[in-house]
Amino acid sequence: FVSSQVEILDWETKKQLCFLDKVEANATIREIRLMFHKLYPRWYPARQSIKLDPKGKSLRDEEILQHLPVGTTATLYFKDLGPQIGWTTVFLIEYTGPLFIYFVFYFRMTFVYGLDERFTSSPHPVVNLACICHSFHYIKRLIETVFVHRFSRGTMPLRNIVKNCLYYWGFAAWLAYYINHPLYTPPSYGKKQINFAVIMFLLCEAGNFSIHVALSDLRRNGSKTRKIPYPTKNPFTWLFFFVSCPNYTYEVGTWISFTIMTQCVPVGLFTLLCFIQMTIWAKDKHCTYLREFKDYPSHRMPIIPFLL
């Protein structure tokens with residue numbers, strides 16, 4: 001058919017919100033969002049969830065009307081997602097906080113540890129090294145946010161920013177407090193333990209960056225279509241042979257190495273929480289790959305080769 005009619009109902013009340021006449025058959029969901037936005041300016045496209053079924057999943061922007069299981073009159077359902085914030089802005093806020101919060105403790109601000117002269121500097125070189133590594137990690141994340149990442153979804157609910165910042169900022173303060181504390185004791189095995197941890201840290205950071213670049217290259221032309229990621233000539237990407245989300249594998253490795261380097265219990269607890277959360281994300285993405293691609297490599301695991 002050349003054109004169609006689109007009826008948009010409220011997902012909860014089933015009340016008709018608008019009726020779009022003579023919509024092109026090859027119109028995308030994004031174009032329908034824009035038409036809806038003209039009628040309801042307060043509901044900008046990023047705030048809209050358009051569905052075929054009230055309890056179903058949101059339709060993607062690139063989906064085409066004539067390819068959907070609808071007749072000449074398509075009934076779609078609208079849900080308000082609430083105020084949204086761009087992912088680039090989210091990451092910049094989340095990652096800038098830990099970078100500066102750590103320095104408050106590293107420079108031994110008087111309101112943190114007191115005025116005692118013994119508390120103004122640390123005799124342990126590992127404290128300086130930990131600050132360098134922590135700062136490097138978050139500076140790398142900020143650079144990736146601006147120059148590398150390509151987001152499949154442009155926004156997230158504004159209300160989530162508070163929760164996310166409490167997580168990143170709160171843990172940064174907790175780790176920094178103990179690592180830079182005047183009573184902090186260095187790792188049990190001295191330089192050997194520290195040097196091993198630094199090498200592991202740098203390798204994992206390089207691996208994490210390499211995976212992010214490889215994933216970004218899949219969407220170099222601006223496409224939001226999901227593709228199967230494969231290893232490239234870069235050896236750090238060869239982990240794709242074994243896991244679906246090697247960026248999370250390397251990220252966990254980074255925090256394990258930071259735990260070994262500092263030998264600090266709060267860092268270890270933070271690493272454990274990171275591992276649990278990233279395992280959940282990895283399993284979810286792995287299941288999505290299996291569902292969307294029939295030819296997806298069957299031997300891959302979500303995050304840990306051969307295990308998990």
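The backbone N, Cα and C atoms fix where each Cβ goes, glycine too.
The domain 'TECR-like N-terminal' annotation in TrEMBL covers 5-80. Per TrEMBL, the feature domain '3-oxo-5-alpha-steroid 4-dehydrogenase C-terminal' maps to 155-308. What TrEMBL lists as transmembrane segment is 85-107, 166-184, 196-215, 235-250, 256-276.
Break the domain 'TECR-like N-terminal' (5-80) down by DSSP state and the numbers are 17 helix, 30 strand, 29 coil. Outside the transmembrane segment (85-107), and at least 6 residues removed from its termini, the chain residues within Cβ reach (under 8 Å) are 127, 131, 134-135, 138-139, 141-142, 145-146, 149, 151, 153-158, 160-161, 164-165, 168-169, 171-173, 175-177, 179-180. Using a Cβ-Cβ cut-off under 8 Å and counting only residues 6 or more beyond its ends in the same chain, the transmembrane segment (196-215) has close neighbours at 129, 133, 136-137, 140, 144, 148-150, 187, 229, 232, 234, 236-237, 239-240, 246-247, 249-251, 253-254, 256-258, 260-261. Counting only same-chain residues 6+ beyond the ends of the transmembrane segment (256-276), those with a CB under 8 A from a CB of the stretch are 126, 129-130, 133-134, 137, 171, 174-175, 177-179, 184-188, 193-194, 196-198, 200-201, 204.
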